[in-house]
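J.: Annotations per Swiss-Prot:
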- 4-499: domain 'UvrD-like helicase ATP-binding' (DOMAIN)
- A25, G26, A27, G28, A29, G30, K31, T32: ATP binding site (BINDING)
- 526-853: domain 'UvrD-like helicase C-terminal' (DOMAIN)
Amino acid sequence: MSGTKWTDEQRQAIFTKNCNLLVAAGAGAGKTAVLVQRIIEKILDKEEPIDIDKLLVVTFTNAAAAEMRERIGDAISKGLDEDPESKVLRKQLTLLNKSNIMTIHSFCLQVIKNNFHTMEIDPNFRICDETEGILMKQEAIDELFDELYEIENEDFINLVESYASRKDTRLQEVVLELHRFAKSAPFPYTWLLNMAEGFNVGENFNFEETLWADMIMEDMKVLLYGFKNMLQQSIDVILNSEGIDYYYEPFKMDLSFINSLLEKSSFKEFRGEIIAYDFPKLPLKRNKDADKEAKERVKKLRDKVKKKIVELKNILDSYENEFIKKEFIFLYPSMKALSNLVILFDKKYEAKKRERDLIDFNDIEHLCLSILTDKNSDGHIIPSDIALNYRKKFAEVLIDEYQDSNLVQEVIMSMVSRVKGYWSFYNGQLIFNEKEINLEEPQIGLDIPNRFMVGDVKQSIYRFRQAKPEIFLDKYNEYNEEEDRKNRKVKLFKNFRSREEVINGVNYLFKQIMSKTIGELDYTEEEALKVGASYGEEVKGEPIELCLMDKKYEISEEVLKEYNVDEEEALDNIQLEGRLVAKKIQKLVGNNLEGGLKVFDKKLGEYRNLQYRDIVILMRATSNWAPVFVEELAKEGIPVFADTNSGYFDTAEIKTMISLLQIIDNPLQDIPLLSVLRSPIASFTDDELIDIRMVNKNITFYECMEIIYRLYKNEKLDSYYSFYIEDENKINKIIKDMNEKLKNKICSFIEKLKLWREKSIHIDIDEFIWFLYVETGYYGYAGALQAGEQRQANLRILFQRAKQYAKTSYKGLFNFINFINKLKFSSGDMGSAKILGENENVVRIMSIHKSKGLEFPVVILSGTGKNFNMTDLNKNILFHRDLGYGPDYVDTERRIAYPSLVKNIIKNKIRLETLSEEMRILYVALTRAREKLIITGLINNMDKTVEDWLNLSEDKNKVPEYAVMSGKTYLDWIGPALIKHKDAVSFREELKMTSELSNIVDDKSKWKIELWNKRELLKEKVEEDEVEISEKIKETLMSLEESNYKEEIYKRLSFKYKYDNASSIPTKLSVSDVKKQFILDEKENTEELFKKLELRKPMFMEEKKKISPSERGTIIHLFMQHLDLKKAENEEDIKEQINRLIEREFITYEQSKVISPYKILKFCRGELGKRILNSNNVNKEMPFSIEIPALEIYKELDKEIYKNEKLIIQGVIDCYFEEEDGLVLLDYKTDYVNDIEEIKNRYEIQIKYYEEALNRITGKNVKDKYLYLFSVDNYIKID
């Protein structure tokens, strides 16, 4: 069925059978297409066809599952077009709706629902909302701590004193974090107890024989390899330099010592030799012919090695067995208590969920696991009877994005796949043993392996979610590429996305820096990407650009004056980089007529000018950087949108509304109260607030207002308030002197607040918040501000959060505020509401994680000089899935605390894993680019940094591993790799680097390294001659006498402009304006198009009205823009699409009522709907601008004078699609129809300009033009 020309490797991935198949698919290798084609081939196999519901296809996201289902459906439908009578195809199309193409969580949920009777859960369970989960966890941990305090549990008290700092909230955070971490293990309780027992060492404990000792030795050996290279480099210099040969022997001894250490396999011997070694002294010979520069260079290198070896000696000297044993014995009670505390918390949390018949996100996987697993008599974990039934059901299990699997998911998939073996614990770790297991029933026909796993370990970037790339790597290293193996692998490294220039650059860089130590994979020629995309010869590719700027570049006062720039313009680092990027974008886009970059448009099949939407700016994290970049790009007139995950709670409108909720809950809070009083909700001035505070400075602000209110209303003060009034006469005088307006303002606010407090008790929180929006007018006010649409969208998100909260078992304003505060200070903060469509012509800023799976013509990777985030390493207890706990040693009696030995080991392990993750994140970022890649970054002290890079260039094939290990930024990796590239010569010369490189790399990759300074980014210099001319004109005018210019002034003031009529004609018109002009009565003139502006109340102040015909038309057009005809088979499908628009906040529920699913379905089933479905090129809501003669519209103008006058006509084409013999133009109309001819006449001119625009833009013929009339559910053709 497929017309795609597959590569040999892709064909192997599609057609290989009867084995466990691991497909390593590099970036842009078309893995989704291969996976889909494999499924299609399975279900259409002529010899052994498999029904699609007999396949289990596990995807990473719901979107991926939907896309895969859609692709398979399209393929089957195309097959039916070719063979309409095919029963097999019809059957598969029917079964597609109940196919098992889903995320791992959807599959687990399916298992639970089908087998709930085996668990102690109510069949009517529901999945716990995140909101409810947060509140329940907090409630559970608060109750647990209170109970343990009450019974004075000794282990708990010791834990609090050791690890809780001043408040026990820190220990609560440790428990919650460890609980979340343990849930990524298949059997959390077992893992927790095993990790604590790791500290329970006996008298025979020997540290030198432990895994920890081996890890220390292996980590140190990575550094020793670096020292070896440095010493070998020194020896080469000694042998090739004049007069320093007497250094040879001591350097040779040092090198022999390092080589001996590298050969050691025993930690005891390794430690002993390092501690015992003394570096021989260098001879003090003087030789006047000696090469002093070479001598100094080798001495510096040796000193560096000596210093590092001394550091290693000191570390190893502290690893004395008895000391370590005592440390473990001391820590054991605390670690056991911590594990037990987490288990107690989990049980309490579980009880709360069961009370409410809830399960949470983690429960889904663990409940499924418990259903699918059993233990045999040996204690091994084997498939349950239910799992064996799934093995019989599924002919193949296909797993997408396999590199992001965690251990729980791996065990689940192994239970339902036909794999031989069992899981068991060994040294506290869960290990898979590929051996036969005895099952009660023989598994006839189920002994043929049936797992298909596809992914790219170089793109495994979710370790923070406990993804375990080692699962993929273990199979990758174990499986064989040979045919007829039961465990086989196929490599798909041909990239069909990027230009050769991008691929060559990525390959060069990662061959230099990625290794098993950092990246967990050696990036060899075998692992490198291969060019698979063709971009033709019309436009040549460009080199990858690296744009660097020195943070310490100082600008003198003279330069600031020369460029007419304030000292306040001294930009911070992020602004500098943002401005640099803005200038690069301006150069790339050009003026869209010439000078800009040309990119290939796959849809058009040709090159076109680069647009803003083609550009993405990627960042490791967007929280602090994106807003600054947005500001800098906006200053340069570049449309930009930042897709961030933070900052929502910092927006003014949300802060104000949360403050209002806080004071409604409890008005005795000065900061939120003042926030509300200063806001438009209350509109108090600073002077008015000062007057209120003068009542009493020792009570809350609300109490001051309450006293004023009661005395002004002649109400008696109760004893509470009387207590705070020392001098009633003084208070009365203050209130008497207060102006009436302020007193009325206070009374009005107090009365409203009391009303709101009362109302909050009686209605749900979401209703109450919307009531406040309307009552205060704040929703409308926010919409009237700059970026009003964005602000209102943010307020709607708060309302939606409240709506979710209202569905939980928690009620009340107090709990909702607690929940919001919890979100603020956890990872629950989200970015501002998204109000931008996918097709908007803007530059996008997003995190690298969000870009995964996407591609862009131009990628700008920014912030490469920013330090990696290693803050987690500073916590007082670290956790590692394999090594367990890494606590500080805290002796409260002796008041000493320091990192324990095991903490230092785990800290280093986590640091290396974090660096490996960062390496893969960098790989993901660079492989998003199709045609152009730009990298930007700031460097602290350019000269010193580049000199350091040069010192790391001894091996032209690889940046030394020790250097990669010590990297703190992406530039620390990129710089040493590029400095030795042949394209860096001019860069080194620009920096006047005198050090000669013996290892210049002549690689085929193309790079352009630019050095920027702050001067280039300052405002453009004011031309001196312009200033001089201005001054001369001023002097001349001042010297003129009245008689010389009085007559000229009168002459100029009475001047009549020749083109006066043109001054009232707009330079731009919409198509709708043109249509109105043409249907005006002949007596009417052009000016009636532009009526006098009528001021009206803002919508939020007006009474609620019915939706107008104009609004109705807008809503229906919006729906048609987002309508997916492939998913519109019945009215229910259309209702689902309407609901999706409501959820995404494109329309409100009230607005959705104007959309008739019946009428939409009639369109979909009609001739035009079918033609759209059959077209491969459908475009919706396409904006355009075309230039036409002004006389074409304004016929009353003087033809001679205005013959060259032009107008811009702009509009938006609802829909056009392409068929074999031309384009079809379609415009939707919601007007009421009396006369078809009248409608045709009304819109004829509009359609004419749409046709002309399409002809000009696409260069293709418009063969048919239609109006679709929703009022009569039919279309008319425009001739």
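Glycine too: its Cβ is placed from the backbone N, Cα and C atoms.
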J.: Mind giving me a neighbour count for K31 (ATP binding site)? Other Cβ atoms within 10 Å of its Cβ, every protein chain shown.
T.: 21
J.: Give the sequence-ordered list of residues that share a chain with A25 (ATP binding site), lie 6 or more positions from it, and have CB atoms under 8 Å from its CB.
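T.: Spatial neighbours, sequence-distant, of A25 (ATP binding site): A13, K31, V34, V454, G455, D456, L492, F493.
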J.: Neighbour count, 10 Å Cβ-Cβ cut-off, for T32 (ATP binding site): what number do you get?
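T.: Summing over all protein chains shown, T32 (ATP binding site) has 17 other Cβ atoms within 10 Å.
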J.: Mean pLDDT, the domain 'UvrD-like helicase ATP-binding' (4-499)?
T.: 91
J.: Give me the count of other Cβ atoms within 10 A of the Cβ belonging to G28 (ATP binding site).
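T.: Excluding its own Cβ, the number within 10 Å is 23.
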J.: In the structure shown, which of the binding-site residues G26, G30 has the fewest other Cβ atoms within 10 Å?
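T.: Per-residue Cβ counts within 10 Å for the binding-site residues G26, G30 bottom out at G30.
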J.: Using the centroid of the Cβ atoms of A25, G26, A27, G28, A29, G30, K31, T32 as reference, list every other same-chain residue with Cβ within 8 Å of it (recorded ATP site), in sequence order.
T.: V34, D456, L492, N495, F496, R497
J.: Could you check the binding-site residues A27, A29 and say which one's CB has the fewest neighbouring CB atoms inside 10 Å?
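T.: Looking at the binding-site residues A27, A29, the Cβ with the fewest others within 10 Å is that of A27.
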J.: Where does G30 (ATP binding site) sit by DSSP, helix, strand or coil?
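T.: In three-state terms, G30 (ATP binding site) counts as coil.
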